[in-house]
Ligand SMILES: Nc1nc2c(ncn2[C@@H]2O[C@H](COP(=O)(O)OP(=O)(O)OP(=O)(O)O)[C@@H](O)[C@H]2O)c(=O)[nH]1
């Protein structure tokens with residue numbers, strides 16, 4: 001069974017939902033599922049104090065499963081290596097490799113520069129394919145908090161000087177979590193010391209991508225997955241790794257928010273003065289005026305009804321933020337177009353995703369990362385290099401095509417018509433039964449009118465050549481630009497009939513709150529988020545995971 005990285009589930013019959021069920025019915029079903037999910041998530045968060053033991057055993061079981069899987073995988077790869085030494089290498093099943101030996105479109109479309117995906121060079125590419133570990137690598141550092149952690153997590157200092165009754169609630173929660181990590185360590189490793197710990201530095205490549213370290217990050221990631229109804233046997237190393245990256249990527253934003261929030265709610269039940277302080281805290285995190293106003297108004301309304309103790313105040317704040325992030329789906333019947341709750345390419349159908357954004361926002365990188373998710377999830381994927389205004393853009397895209405092992409359709413000529421590239425790419429996609437065609441569009445034109453004209457032309461070509469395709473239009477936004485990025489976004493929103501946003505570079509900024517501004521001001525859902533430069537550093541957006549990563553101590 002293949003794991004669908006867009007759906008974050010193993011493929012099942014629901015992949016056929018959109019074909020077998022009518023669209024409104026499928027959307028209704030999706031909506032109900034998502035609402036149930038959000039409700040259960042909120043509940044499990046609030047009740048986390050009561051379910052500590054459950055989470056602990058869940059994490060233990062997940063850890064054990066992952067260790068076993070790792071062991072099996074390494075045994076399998078050992079057998080495969082031994083077999084491949086004596087046997088001829090079998091032909092690859094990937095569409096890209098098939099086209100290498102059979103350049104289908106080159107006869108009919110001679111202008112297309114046909115770039116068959118090649119195996120990446122083992123140097124730079126290799127390091128990109130293998131994500132940089134987020135957790136500390138040396139086993140000895142697994143239990144010790146880094147200097148940075150010690151700074152932001154005062155609990156370890158507090159612990160020594162105060163009894164648990166004197167601790168503020170977040171410090172208690174952290175101390176509790178640390179204690180759980182210790183208990184987990186004592187009981188989870190039911191096997192002898194993992195082999196990897198014995199290995200020398202020459203063999204550390206595997207360890208470098210190994211998030212299987214029983215630390216606080218593992219426990220947090222496990223809790224997040226458990227709270228979303230996942231079973232311990234359904235969890236993969238990559239998912240733990242992603243959540244760890246997400247949380248680490250949001251470190252800067254979280255540190256600022258949490259430090260202030262702790263100071264505010266630490267003063268006692270939330271009152272109107274505290275709400276004002278929350279307002280300035282949100283504005284500083286680039287949450288934007290509109291979203292901040294909404295948060296404050298909702299908090300004030302709640303305060304009129306009841307006093308909120310600190311813990312409940314934070315839980316309530318989290319639920320408000322999640323509601324804002326999920327709003328585009330709820331607006332479906334009224335203001336916004338009906339956005340699909342999940343952003344999953346339909347199997348056995350041509351899905352065309354037009355990727356827009358200014359140069360430097362991370363468009364090329366995003367296309368490469370989505371292509372990687374697609375191939376991992378067993379979709380036949382193709383990339384169209386329609387940003388023909390910058391020769392380097394095409395070259396960069398080819399490199400990302402190689403990394404993700406997806407073919408890139410480009411036109412060799414300079415300043416060629418982007419719409420012609422899209423035309424060629426659609427023909428190629430139809431010939432090959434491609435399921436996901438990712439189109440890189442121009443990042444910058446001389447003026448807004450040119451940009452609008454060009455994007456409209458691309459839309460027209462798509463409609464004409466592939467009337468049955470499922471078309472989505474994504475805007476890639478650089479989170480480090482904060483509010484400034486929103487101005488660019490507004491131009492594209494008018495020109496490109498956007499259906500979602502990809503927020504990149506959340507790892508390099510304290511302005512992660514801009515995600516809320518994007519949703520509130522543009523009315524668009526966030527579809528993917530990027531938290532780093534490597535192939536694995538982009539995943540579908542989850543409001544639950546994002547808010548937990550933003551506000552969990
Ligand atoms: N830290 C970090 N860097 C990122 C992320 N996404 C992209 N980048 C970096 O941002 C820079 C620009 O990314 P590109 O993908 O080349 O951006 P582009 O929008 O295609 O821009 P052009 O290449 O100029 O057309 C590169 O150095 C990327 O590695 C991210 O999520 N985190």
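Each residue, glycine too, has its Cβ placed from N, Cα and C.
TrEMBL: automatically predicted annotations, no manual curation.
Copied over from TrEMBL, here are the features:
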- 357-364, 440-444, 504-507: GTP binding site (BINDING)
- 9-46: compositional bias 'Basic and acidic residues' (COMPBIAS)
- 525-538: domain 'SRP54-type proteins GTP-binding' (DOMAIN)
- 1-54: region 'Disordered' (REGION)
- 67-153: region 'Disordered' (REGION)
If you draw a 10 Å sphere around the Cβ of residue 357 (GTP binding site), how many other Cβ atoms fall inside it, taking every protein chain shown into account?
-> 29
Could you tell me the mean pLDDT over the domain 'SRP54-type proteins GTP-binding' (525-538), as a whole number?
-> 95
Going by DSSP, how much of the domain 'SRP54-type proteins GTP-binding' (525-538) is helix, how much is strand and how much is coil, in residues?
-> 0 helix, 6 strand, 8 coil
Neighbourhood of ligand 1 - binding-site residues from 360, 363, 441 with Cβ under 6 Å | 360, 363
For residue 363 (GTP binding site), which residues in the same chain are close in space, meaning a Cβ under 8 Å from its Cβ, but six or more apart along the sequence?
-> 355, 356, 357, 387, 440, 443, 476
Check residue 357 (GTP binding site) against DSSP and tell me helix, strand or coil, would you?
-> coil
Of 360, 441, 506, the binding-site residues given in the record, which has the fewest other CB atoms within 10 A of its CB?
-> 360
